[in-house]
Amino acid sequence: MNIILMGLPGAGKGTQASEIVKKFPIPHISTGDMFIKAIK
């Protein structure tokens, strides 16, 4: 299962992703976190 959450900053994407991860065995991958890690 692939799910993509899109929205403006503060829209609740992270909150929704956390709830989805609790109910389904899928990983939560934050592209924002990946980007920040890559530029450091």
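Yeah, the Cβs are placed from backbone N, Cα and C, and that goes for glycine too.
Database features (Swiss-Prot):
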BINDING   GLY10, ALA11, GLY12, LYS13, GLY14, THR15  ATP binding site
REGION    30-40  region 'NMP'
BINDING   THR31  AMP binding site
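When the Cα atoms are compared, THR15 (ATP binding site) and the residue listed as 'AMP binding site' turn out to be 15 Å apart. For the ATP site, the Cβ centre of GLY10, ALA11, GLY12, LYS13, GLY14, THR15 serves as reference, and the other residues of the chain with Cβ at most 8 Å from it are LEU5, GLY7, GLN16. The two recorded residues, GLY14 (ATP binding site) and THR31 (AMP binding site), have Cα atoms 11 Å apart. Here the CA atom of THR31 (AMP binding site) lies 16 Å from the CA atom of ALA11 (ATP binding site).
Ranked by how many other Cβ atoms sit within 10 Å of their Cβ, the binding-site residues GLY10, GLY14 place GLY10 at the bottom. A gap of 15 Å separates the Cα atoms of GLY10 (ATP binding site) and the residue listed as 'AMP binding site'.
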